[in-house]
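Quick notes on the structure that follows.
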Amino acid sequence: MSPILGYWKIKGLVQPTRLLLEYLEEKYEEHLYERDEGDKWRNKKFELGLEFPNLPYYIDGDVKLTQSMAIIRYIADKHNMLGGCPKERAEISMLEGAVLDIRYGVSRIAYSKDFETLKVDFLSKLPEMLKMFEDRLCHKTYLNGDHVTHPDFMLYDALDVVLYMDPMCLDAFPKLVCFKKRIEAIPQIDKYLKSSKYIAWPLQGWQATFGGGDHPPK
């Protein structure tokens with residue numbers, strides 16, 4: 001039986017996990033909850049055998065996980081992608097945290113009615129965060145070298161999100177522009193992005209001021 005990935009029918013916290021699974025060509029079944037299916041999830045959440053019931057969840061045989069980072073790390077670990085030595089494992093963990101500084105930074109303001117005001121401060125700090133990744137990629141194909149690791153998909157997702165906030169935010173970062181195109185050119189990812197499985201919108205929950213609703217801004 002294929003593993004089950006359960007989440008809202010949005011990008012949200014689980015999009016990097018979807019990208020990783022597609023890259024690995026690992027068969028999985030998605031249980032997607034629509035905008036109006038909150039009651040469906042609440043009625044089901046305690047019937048799945050999850051120790052800490054929440055969305056997203058991942059069920060792989062007797063392994064039943066929640067929390068997005070636990071899920072993506074588990075999948076990476078299954079495929080020996082967490083690093084071959086303590087230094088490499090620590091660097092991969094560091095990269096996770098650095099990407100989450102951007103992604104969670106967006107999420108913290110995305111639901112506020114004062115988003116437009118808060119966005120100004122976020123965008124003023126964004127170049128400093130992006131420059132660190134630009135420098136990291138100066139002599140690397142991917143964040144950890146020549147091989148893809150899960151923080152690459154986390155960064156790809158974060159870049160996708162901030163480009164909706166400011167379409168010119170990568171103009172000063174050619175390495176990041178190339179990195180994003182490189183991820184999209186991976187055959188498995190290219191196929192996924194063009195498939196009906198790909199969820200383009202919303203970026204956040206439907207109720208979010210930024211990245212919410214049923215359709216992207218024109």
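Positions of Cβ are set from backbone N, Cα and C atoms, glycine also.
Annotated domain 'GST N-terminal' per Swiss-Prot: 2-83, in sequence order. According to Swiss-Prot, the glutathione binding site annotation covers Y7, W8, W41, R42, N43, K44, K45, N54, L55, Q67, S68, on the basis of experimental evidence. Per Swiss-Prot, domain 'GST C-terminal' is recorded for 85-203. Taken from Swiss-Prot, the feature substrate binding site applies to Y111.
Feature map: Swiss-Prot annotations on the structure.
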{"residue": "Y7", "record": "glutathione binding site", "CB count, 10 Å": "24"}
{"residue": "W41", "record": "glutathione binding site", "CB count, 10 Å": "17"}
{"residue": "N43", "record": "glutathione binding site", "CB count, 10 Å": "10"}
{"residue": "K45", "record": "glutathione binding site", "CB count, 10 Å": "15"}
{"residue": "L55", "record": "glutathione binding site", "CB count, 10 Å": "17"}
{"residue": "S68", "record": "glutathione binding site", "CB count, 10 Å": "22"}
{"residue": "Y111", "record": "substrate binding site", "CB count, 10 Å": "15"}
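The CA atom of N43 (glutathione binding site) is located 26 Å away from the CA atom of Y111 (substrate binding site). Taken residue by residue, the domain 'GST N-terminal' (2-83) breaks down under DSSP into 34 helix, 18 strand, 30 coil. Taking every pair among Y7, W8, W41, R42, N43, K44, K45, N54, L55, Q67, S68, the residues recorded as binding glutathione, the greatest CA to CA distance is 21 Å. L55 (glutathione binding site) and the residue listed as 'substrate binding site' are 18 Å apart (CA-CA, integer value).
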